[in-house]
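Single-structure report; data block below.
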Amino acid sequence: MWAGPGPAVTLALVVVVAWATELKPTAPPIFTGRPFVVAWDVPTQDCGPRLKVPLDPKKDLTVFDVQASPNEGFVNQNITIFYRDRLGLYPRFDLAGRSVHGGVPQNGSLWAHLKMLREHVEHYIRTEEPAGLAVIDWEDWRPVWVRNWQDKDVYRRSSRQLVASCHPDWPSDRVVKQAQYEFEFAARQFMLETLRFVKEVRPRHLWGFYLFPDCYNHDYVQNWETYTGRCPDVEVSRNDQLAWLWAESTALFPSVYLHETLASSTHGRNFVSFRVQEALRVAHTHHANYALPVYVFTRPTYSRRLTGLSEMDLISTIGESAALGAAGVILWGDAGYTTSTVSLDLPCAMAAHLLPICALFLILLSMAQGSRGPVVPNQPFTTIWNADTEYCLKRHGVDVDVSVFDVVANPGQTFRGPNMTIFYSSQLGTYPYYTSTGEPVFGGLPQNASLVAHLARTSQDIQDAMPTSDFSGLAVIDWEAWRPRWAFNWDTKDIYRQRSRALVQGQHPDWPAPWVEAAAQDQFQKAAQDWMAYTLKLGWTLRPHGLWGFYGFPDCYNYDFLSPNYTGQCSPDIRAQNDQLGWLWGLSHALYPSIYMPAVLEGTGKALMYVRHRVGEAFRVAVGAGDPNLPVLPYAQIFYDTTNRFLPLDELEHSLGESAAQGAAGVVLWVSWENTRTKVSSGPGWGQGQGWCCQADWGDPGRPFLPLQS
């Protein structure tokens, strides 16, 4: 952190909570009751008085869980970073190659170093209460010999020279072996004894070394086309060699600073994801009964210039850390980044601009997460009436009484209410799509739209539609313009593939078609996943008891009705694509597949096969996602899709009966607004011309009824 110029840190982030399942208990949150905290460690105290930037740290920064400054004069903070000159006598070489405190650890005085520690720790952390984070930032050398490459090779050279001077007659291979042993032993002692001592002085603080563990996944420069972000196997093995360090640490502090080379690319997200995952692996692996908390150092500007991260990269850094299960992020910057107001990208101005988004992020994190319950207690199969039949009374004077059936409906029989709420694309956030004439709305493509703006509006839309925080009904999101899997966007949806290719081609006009295709697919699918995943997370953060899920997912695409050997089964290719949506099934609180009956099935005898495999696919993906108890609630109609022709009773039984037989939690009977426009519509087989809004004498001449038997 200390070396080289770099920007101070601020936050503009996606709404997310750390939902990753912990296999072992970890340290409880030390600042708040939330599982994920955001800490501000930037010297913005001079923004107002010195730089005339309207940022009041005492007022504006209160949205953060923790505020601190890395400047020398600030002590007794919730976060304390001990740089190399602030903690004992750290041996190193300066930039001119001069030895400081012995240069290499085996040439330094561990006794003199430990003697200085108490004074330094008590100067910067003056009281034992309250608990806080204490980070040791020693970056000049690394305790694993082979990792001291490039400018750090001076420590290997000096170590070899020390051994050679003591044993001038030794062959070079013996010198190297002994030099490595002496260096690694001394480095280990310096780090271990330092940790042991400082933990005794301030036992309630969480201690660890900055940048440990590292993943060394920087090969994107040499291998851009094949870069995956994965930590090399050899580096994972070397991290396991540091078991002594993980055993003595009480927290881990990896870094996910992004180089500008990774700007707005999926490689950036992969870079971050695998670094955080490696820290979490180490945290879980090296303690028998508990896991270390992981606090990720990050910043919203690129590591070598004063340009703020793109929105995509903000999500890829802080959002990814939260999503994977980190305990928090530390937004870091130093005094060198607040010396001018020339650029609006400088941290003070950025902070003033982005704090409202931070506030939204933190408010949502403060809301407790609940657990889902049954759709209807003690009722294994439920029929939910999702129709605006309130218009039957308003327009036609017919009061359709669904209470006589085993049906759950909203009061007033509206689409949205306490028992179920469906959000169409225009009713939730700023969903990007193309109109039928090809005009983009909110950017058109998910990778070309603002997810942060969408989440901000979505937060308000959810609270407006579900005023009470204890909402426990069905919460269905109906987004049908595009599908998150590239391969599924055929026919009229192919515009999303065409425009995605055009977007990449515009950015890289010299790329051949295969490169464009691969990049377009990757960008689209990653962005589509972000839009759907973060919308779901926001939903169950705000209304944790709701059964959140997307309408029409999963789909079976078993529409080959004209095949002489039609079986209704989902093809292996479709199942494989659905398996790629494991992230969606894992985030959903319920699955809402559609079993609307296409009119072409009328009289074919194929309806049962069609329904059976569509419902079966929903159960299959639920099991594959590790939650066989995930509620499945198919959407059904009592008429053929896009028509006013009622289903005959046998096909209605196929819809409802097959769903119940396979173990669905219920069915949602959906009726469009169009079907309530008229008082009577034709319905052969249902009686005397009954429609949605109708009356008939079934033992009670004055009682309205639904064309559905209980």
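Cβ atoms are placed via backbone N, Cα and C, with glycine included.
In TrEMBL, annotation is done automatically, which means it is predicted and not curated.
Which of Cys570, Cys693 pairs with Cys556 is settled by TrEMBL: its disulfide partner is Cys570.
Put simply, Glu480 (active site, proton donor) is 20 Å from Cys570 (disulfide bond) when counted between their Cα atoms.
Ranked by Cβ neighbours within 10 A across all protein chains shown, the disulfide-bonded residues Cys556, Cys570 are led by Cys556. The two recorded residues, Glu480 (active site, proton donor) and Cys556 (disulfide bond), show a Cα separation of 15 Å. The secondary structure of Cys556 (disulfide bond), as reduced to three states from DSSP, is coil rather than helix or strand.
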